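Here is what Swiss-Prot says about this protein:
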- 1-25: signal peptide (SIGNAL)
- 26-91: domain 'UPAR/Ly6' (DOMAIN)
- CYS28-CYS52: disulfide bond (DISULFID)
- CYS31-CYS40: disulfide bond (DISULFID)
- ASN36: N-linked glycosylation site (CARBOHYD)
- CYS45-CYS73: disulfide bond (DISULFID)
- CYS77-CYS104: disulfide bond (DISULFID)
- GLY115: GPI-anchor amidated glycine (LIPID)
Amino acid sequence: MLPAAMKGLGLALLAVLLCSAPAHGLWCQDCTLTTNSSHCTPKQCQPSDTVCASVRITDPSSSRKDHSVNKMCASSCDFVKRHFFSDYLMGFINSGILKVDVDCYEKDLCNGVAGAGHSPWALAGGLLLSLGPALLWAGP
(Lines of atoms letter the chains of each structure in order from A and count residues from 1; the text may use other names and numbers.)
(Lines give C-alpha, C1' and ligand atoms only; values in the text may rest on other atoms or scores of the structure.)
Protein backbone atom coordinates (compact mmCIF):
# COMPACT_ATOMS: atom_id res chain seq x y z
CA MET A 1 0.00 0.00 0.00
CA LEU A 2 1.03 3.57 -0.55
CA PRO A 3 1.79 5.71 2.49
CA ALA A 4 -1.06 7.99 3.58
CA ALA A 5 0.97 11.07 2.62
CA MET A 6 1.29 9.86 -0.99
CA LYS A 7 -2.45 9.12 -1.17
CA GLY A 8 -3.15 12.60 0.18
CA LEU A 9 -0.81 14.16 -2.37
CA GLY A 10 -2.48 12.21 -5.18
CA LEU A 11 -5.93 13.35 -4.06
CA ALA A 12 -4.73 16.95 -3.77
CA LEU A 13 -3.28 16.87 -7.29
CA LEU A 14 -6.49 15.39 -8.64
CA ALA A 15 -8.57 18.07 -6.89
CA VAL A 16 -6.36 20.87 -8.23
CA LEU A 17 -6.65 19.57 -11.78
CA LEU A 18 -10.40 19.10 -11.62
CA CYS A 19 -11.21 22.37 -9.85
CA SER A 20 -8.83 24.82 -11.45
CA ALA A 21 -9.60 26.87 -14.50
CA PRO A 22 -7.26 26.43 -17.44
CA ALA A 23 -4.31 28.82 -17.36
CA HIS A 24 -4.75 29.59 -21.03
CA GLY A 25 -7.58 31.19 -22.95
CA LEU A 26 -9.27 30.19 -26.13
CA TRP A 27 -7.10 29.23 -29.12
CA CYS A 28 -8.20 30.21 -32.63
CA GLN A 29 -6.85 30.01 -36.14
CA ASP A 30 -5.60 33.45 -37.19
CA CYS A 31 -5.11 34.91 -40.68
CA THR A 32 -6.11 37.94 -42.69
CA LEU A 33 -7.23 38.13 -46.31
CA THR A 34 -5.86 34.76 -47.37
CA THR A 35 -7.29 32.58 -50.11
CA ASN A 36 -5.91 29.44 -48.50
CA SER A 37 -6.89 28.49 -44.93
CA SER A 38 -3.72 26.43 -44.58
CA HIS A 39 -1.87 29.75 -44.24
CA CYS A 40 -3.66 30.40 -40.94
CA THR A 41 -1.79 29.79 -37.69
CA PRO A 42 -3.01 28.96 -34.16
CA LYS A 43 -3.14 31.96 -31.84
CA GLN A 44 -3.86 32.20 -28.13
CA CYS A 45 -6.69 34.67 -27.64
CA GLN A 46 -7.01 37.39 -25.03
CA PRO A 47 -8.98 36.48 -21.89
CA SER A 48 -11.83 38.74 -23.07
CA ASP A 49 -12.21 36.80 -26.34
CA THR A 50 -15.02 34.24 -26.23
CA VAL A 51 -15.30 33.08 -29.86
CA CYS A 52 -13.23 32.04 -32.83
CA ALA A 53 -14.58 33.67 -35.98
CA SER A 54 -14.26 32.75 -39.61
CA VAL A 55 -15.21 35.36 -42.20
CA ARG A 56 -15.41 34.48 -45.88
CA ILE A 57 -15.70 37.34 -48.38
CA THR A 58 -16.74 36.21 -51.85
CA ASP A 59 -17.13 37.99 -55.18
CA PRO A 60 -20.31 36.32 -56.49
CA SER A 61 -19.89 37.88 -59.93
CA SER A 62 -16.52 36.22 -60.48
CA SER A 63 -16.56 33.10 -62.63
CA ARG A 64 -13.79 31.72 -60.39
CA LYS A 65 -15.77 32.59 -57.23
CA ASP A 66 -12.79 34.50 -55.85
CA HIS A 67 -12.81 34.69 -52.08
CA SER A 68 -10.72 35.70 -49.12
CA VAL A 69 -10.76 34.26 -45.63
CA ASN A 70 -10.22 36.03 -42.33
CA LYS A 71 -9.95 34.00 -39.12
CA MET A 72 -9.56 35.54 -35.70
CA CYS A 73 -10.27 35.66 -31.98
CA ALA A 74 -13.16 37.94 -31.02
CA SER A 75 -15.06 39.11 -27.98
CA SER A 76 -18.37 38.15 -29.62
CA CYS A 77 -19.88 37.15 -32.93
CA ASP A 78 -21.88 40.40 -32.94
CA PHE A 79 -18.61 42.36 -32.73
CA VAL A 80 -17.27 40.55 -35.81
CA LYS A 81 -20.49 41.10 -37.73
CA ARG A 82 -20.52 44.82 -36.86
CA HIS A 83 -16.93 45.10 -38.08
CA PHE A 84 -17.43 43.27 -41.38
CA PHE A 85 -20.87 44.70 -42.05
CA SER A 86 -19.72 48.27 -41.52
CA ASP A 87 -21.25 51.14 -43.48
CA TYR A 88 -18.35 51.00 -45.93
CA LEU A 89 -18.80 47.34 -46.82
CA MET A 90 -22.61 47.43 -46.74
CA GLY A 91 -22.63 49.38 -50.01
CA PHE A 92 -20.71 46.58 -51.71
CA ILE A 93 -22.81 43.88 -50.04
CA ASN A 94 -26.16 45.50 -50.89
CA SER A 95 -25.14 46.03 -54.51
CA GLY A 96 -24.19 42.35 -54.86
CA ILE A 97 -20.49 43.04 -55.42
CA LEU A 98 -19.51 41.17 -52.24
CA LYS A 99 -20.98 38.35 -50.20
CA VAL A 100 -19.83 38.06 -46.57
CA ASP A 101 -20.38 34.93 -44.44
CA VAL A 102 -19.53 35.01 -40.72
CA ASP A 103 -19.32 31.87 -38.59
CA CYS A 104 -18.39 31.82 -34.90
CA TYR A 105 -17.32 28.97 -32.64
CA GLU A 106 -16.70 28.70 -28.90
CA LYS A 107 -14.16 25.85 -28.83
CA ASP A 108 -10.41 25.82 -29.39
CA LEU A 109 -9.35 25.97 -33.04
CA CYS A 110 -12.88 25.26 -34.32
CA ASN A 111 -12.52 27.98 -36.95
CA GLY A 112 -9.81 26.00 -38.73
CA VAL A 113 -9.11 22.63 -40.21
CA ALA A 114 -10.80 19.69 -38.48
CA GLY A 115 -8.62 18.09 -35.85
CA ALA A 116 -6.25 21.04 -35.75
CA GLY A 117 -5.57 20.72 -32.05
CA HIS A 118 -6.74 19.80 -28.59
CA SER A 119 -6.47 21.36 -25.18
CA PRO A 120 -3.42 20.31 -23.18
CA TRP A 121 -5.71 20.34 -20.13
CA ALA A 122 -7.86 17.60 -21.68
CA LEU A 123 -4.78 15.46 -22.21
CA ALA A 124 -3.46 16.07 -18.68
CA GLY A 125 -6.88 15.47 -17.15
CA GLY A 126 -7.39 12.23 -19.05
CA LEU A 127 -3.96 11.00 -18.07
CA LEU A 128 -4.38 11.89 -14.40
CA LEU A 129 -7.90 10.47 -14.22
CA SER A 130 -6.79 7.21 -15.79
CA LEU A 131 -3.67 6.89 -13.62
CA GLY A 132 -5.15 8.40 -10.45
CA PRO A 133 -6.92 5.29 -9.15
CA ALA A 134 -3.89 3.14 -9.92
CA LEU A 135 -1.64 5.52 -7.99
CA LEU A 136 -4.02 5.78 -5.05
CA TRP A 137 -4.83 2.11 -4.60
CA ALA A 138 -1.70 0.40 -5.91
CA GLY A 139 -0.25 -2.26 -3.72
CA PRO A 140 3.44 -2.83 -2.91
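FYI, residue positions are counted from 1 along the chain as it appears here.
Even glycines carry a Cβ here, placed using N, Cα and C.
DSSP labels the residues of the domain 'UPAR/Ly6' (26-91) in these numbers: 16 helix, 28 strand, 22 coil. Within 10 Å of CYS28 (disulfide bond), judged by CA to CA distance, lie the following recorded positions from the set ASN36, CYS45, CYS77: CYS45. Listed in sequence order, the recorded positions from ASN36, CYS40, CYS45, CYS52 having a Cα within 10 Å of the Cα of CYS77 (disulfide bond) are CYS52.
Other C-beta atoms found within 10 angstroms of the C-beta of CYS31 (disulfide bond) number 20, with every protein chain shown included. Per-residue confidence over the domain 'UPAR/Ly6' (26-91) averages out at a pLDDT of 87. Within 10 Å (C-alpha to C-alpha) of CYS52 (disulfide bond) lie the following recorded positions from ASN36, CYS45, CYS73, CYS104: CYS45, CYS73, CYS104. Counting neighbouring Cβ atoms within 10 Å of each of the disulfide-bonded residues (CYS28, CYS73), the lowest count belongs to CYS73.
Of the disulfide-bonded residues CYS45, CYS77, CYS45 has the largest number of other Cβ atoms within 10 Å of its own Cβ.
Listed in sequence order, VAL51, CYS52, ALA53, SER54, ALA74, SER76, CYS77, VAL80, ASN111 are the same-chain residues at least 6 apart in sequence whose CB falls under 8 Å from the CB of CYS104 (disulfide bond). Taking the C-alpha atom of CYS73 (disulfide bond) as reference, the shortest distance to any of the recorded positions CYS31, ASN36, CYS40 belongs to CYS31.
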